[in-house]
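Right, one structure below, let's go through it.
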Amino acid sequence: MEEKIRLTQYSHGAGUGCKISPKVLGTILHSELEKFYDPNLIVGNETADDAAVYDLGNGTAIISTTDFFMPIVDDPFDFGRIAATNAISDIFAMGGKPIMGIAILGFPTNVLPAEVAQKIVDGGRFACHQAGIALAGGHSIDSPEPIFGLAVTGVIDTEKVKRNASAKSGCKLYMTKPLGIGILTTAEKKGKLKPEHQGLATAAMCQMNSIGSQFSQVDGVTAMTDVTGFGLLGHLIEICEGSNLSAVVFSDKIKTLDGVKDYIAQGCVPGGTGRNFDSYGHKVGILTEEQKAILCDPQTSGGLLVAVELNSVQTVIDIAKDAGIDLYEVGKLKPKSESDIVVEVK
């Protein structure tokens, strides 16, 4: 009998947990070179937004993003689908509509059969079709580990762009997916995942964040991002620092995937959690070990974090309900604290 290939055994990292830590990334992106100024580039990398946005000058803007990583699941088709869903999410997180995807593939051709890569790309193509776009091309290289993702192009009405820098004090914070993806996938890699929890993380990662396009039509949605490799706290800090605000997170309102707390107790915490906390732990209040494991857990293809003004809360809740999204409140934004603490966890 042919032995089943487990893709996660061919990579040192998994999904968005492969991300370089925020601290190290800051060093990499620092440059002494004079910045090139383009007045039409209305969102660049200054505010850690999910994608770049270029104003065409006719009321429409182009959104451009890329995202790729190593396998977080063993099944090739699911890996391709998750990676593509995650990449497309950046367009939705800016409030836009995707129009085209380009594949990015790295594959160890001397280790794994080409048929595995074919299934990975097919998974990506399936996700693109779900989003209503074509997988229009791509580029591939021979690499030591499997890598897959997309470069995605989208469009948006220029005035509807949701930036990290546009959040307002007093906004309530909502999430569209439960946390714990990194914990469940780590439990699976360690062989500790119970049968009743099989597929939970994959289902969450394959849920398309297309609701972001609808949220962007609500003026009271002041900022939006997808929660991925830096965890909920890391991406919330990006919004706070971009908008010169602070935040409070209500730990008792955080929703997690089934079994997450039991797996934390068994030590199924991904390495990315510690790297995340090392990068921004000094910016958050005191956390229990369980809170740290959940709030710093690197999500792959995680949910949207949405900042909503009070007069638009019901509208956003209704949009989510109509779309079958289990929206839940996680905190609120407040004026910038005088201390170094950006996010307080209660």
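Quick reminder: no glycine exception, Cβ is built from N, Cα and C everywhere.
Keep in mind it's a predicted model, so treat the numbers as computed, not measured.
Noted in Swiss-Prot for the protein shown:
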- U16: active site (ACT_SITE)
- K19: site 'Important for catalytic activity' (SITE)
- K19, T47, A48, D49, D67, D90, G138, H139, S140: ATP binding site (BINDING)
- D50, D90, D226: Mg(2+) binding site (BINDING)
- How many Å lie between the Cα of D90 (Mg(2+) binding site) and the Cα of A48 (ATP binding site)? 12
- Query: Tell me, by DSSP, whether A48 (ATP binding site) is helix, strand or coil?
  - Reply: coil
- Message: Name them in sequence order: residues not among D50, D90, D226 whose Cβ is within 8 Å of the mean position of the Cβ atoms defining the Mg(2+) site.
- Response: D49, A51, T65, D67, S89, I91, F92, A93, M94, N209, T225, T228
- Would you mind reading off the Cα separation of S140 (ATP binding site) from D226 (Mg(2+) binding site), to the nearest angstrom? 27
- C-alpha of A48 (ATP binding site) to C-alpha of D226 (Mg(2+) binding site): distance in Å? 12
